[in-house]
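Read the structure below first, then the notes.
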Amino acid sequence: MERGEAYGFSAVMSGTFLLSCLLFAAINRRQRGPYMDEAFHVPQAQAYCHGRFLQWDPMITTLPGLYLASVGVMKPAAWLFGWTGSVVCSAAMLRFINLLFSAGNFYLLYLLLLKIHQKNKAVSGFQRILSTLTLAMFPTLYFFTFLYYTDPGSVFFTLFAYLMCLYGNHKTSALLGFCGFMFRQTNIVWTVFCAGNVVAEKLNEAWKTELQKKKDEKISSRKGSLSDLMRILRFLIKYLISLKNLVTLTALTWPYIILVTVFFVFVFVNDGIVVGDRSSHEACLHFPQLFYFLSFTVFFSFPHLLTPTKIRKFLLSLRKHPVQYSLIAVISLFLIWKFTYVHKYLLADNRHYTFYVWRKIFQRHELVKYILVPVYMFAGWSFADTLKSKSIFWILMYFVCLLAVTVPQKLLEFRYFILPFLIYRLNIPFPSLYRQLLELAFYIVVNAVTFYLFLNKTFQWPNSDEIQRFMW
């Protein structure tokens, strides 16, 4: 990092943290007590603060990583600053933990952009800082910086594990992956993603060697015809059935293999992945979740994905390959018909944006969910098109992880899309400065509207005196 870039990064990070602190103070003045899921998280953390580590709320579905991290910060801070009484582990102090995680996420996002795009010399320090600021302000993540939820800590440890993986520190990466798993069990998928990065790199090296041997310049390791993809598939099978190759991959990824083994032992002993309220968090094959994620990604990355050039390229591809797209459309219609699930929380809780998305769009008519298939197809094509700079093996590995983290979820919840979105956004090529600025401006507007609604547009339910607020 050059000196000018270092100063610029420090100034932007400090300014963002100061702004977040001011917003944090405003939110805590308006909402002093626990809100929504905080009603479970805050008392549980306070029980840990008082040394009651065997006490557990059966409504909590995640492992106690957030509470252990909170106690690990709060107790030394209370001793250092002489805090006593109710201020220690109060709702406000516990929320402040996420503000610290948010600052850590800002730094990690910058380091990841620096590492992933290190070969692109055309990217300026200003663009890196701007992209870091934009991703740190990503609305769905940024909102939960100010509440005592698992998301900022979950993102912190997962991004940290990914960074260590990219630098080849796989034991450290696996350890950080375990911390992420302790915040949210589904983060085990991103441990597999880190291992997949290593495997994809080795596969890509072997594939390039294979191409060189055959001296076939027409075959691409990134993008090609159906025959090229079939050849890649045959190569993949041949590579993975080789005992020598499997031993090499195992030697490189053993820390991740141990962690995944621990995960399966946990699932066996726990009789499932969910810790607490299992009836409301049942796994299922909810394939339309992938379509919702793609639509979510197009919405938040519209300066990159929803452009006239991309629309023209998609229509040209549609004309060029009508049979393939017709087949994709039929499969999509079938998946929507047979595998659409509507969680009771989605229909009952009018405090979440997803409630209004479902009611205003999907519940307008029974056919709406089928009519949206062309939108999903464009979203999927545009999404894949922006990843064409990555190797085919990386893309396959990412999509497997994307399916694993989205499809089993019955509830449509935008928070579940945060990590797959961030990893996607980190890996696409740097857009033009104009599009970066447009993206940042859009995020700022969305955040401003969200916080305005949360703070000022309160309401009450007929059977409750509690103040209700709109949120993600």
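Along the chain as shown, the residues are counted starting at 1.
Cβ from N, Cα, C; glycine included.
A TrEMBL annotation is a machine prediction, not a hand-curated record.
Listed in TrEMBL for this protein:
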TRANSMEM  6-27  transmembrane segment
TRANSMEM  60-81  transmembrane segment
TRANSMEM  93-114  transmembrane segment
TRANSMEM  126-149  transmembrane segment
TRANSMEM  155-183  transmembrane segment
TRANSMEM  246-269  transmembrane segment
TRANSMEM  289-306  transmembrane segment
TRANSMEM  327-347  transmembrane segment
TRANSMEM  367-384  transmembrane segment
TRANSMEM  391-408  transmembrane segment
TRANSMEM  437-455  transmembrane segment
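Residues 95-96, 99, 102-103, 106-107, 110, 125-126, 129, 132-133, 136-137, 145-146, 451, 454-455 of the same chain, all 6+ positions outside the transmembrane segment (6-27), place their C-beta atoms under 8 angstroms from a C-beta of that stretch. Here the transmembrane segment (246-269) has long-range neighbours at 170-171, 173-175, 177-178, 181, 185, 188, 191-192, 194-195, 198-199, 202, 240, meaning same-chain residues at least 6 beyond its ends whose C-beta is under 8 angstroms from one of its own. Looking at 126-149, 155-183, 391-408, the range that has the most CB pairs within less than 8 A of the transmembrane segment (60-81) turns out to be 155-183. By number of Cβ pairs under 8 Å, the transmembrane segment (289-306) is matched best by 437-455 from the list 93-114, 126-149, 155-183, 327-347, 437-455.
Residues 280, 284-288, 291, 354-355, 358, 369-370, 373-374, 376-377, 410-412 of the same chain sit 6 or more residues outside the transmembrane segment (327-347) yet have a Cβ under 8 Å from a Cβ within it. If one looks beyond the transmembrane segment (155-183) by at least 6 residues along the same chain, the residues whose Cβ comes under 8 Å of a Cβ in the stretch are 62-66, 68-69, 101, 104-105, 108-109, 111-112, 115-116, 141, 190-191, 193-194, 197-198, 252-253, 255-256, 258-259, 262-263, 418-419, 422-423.
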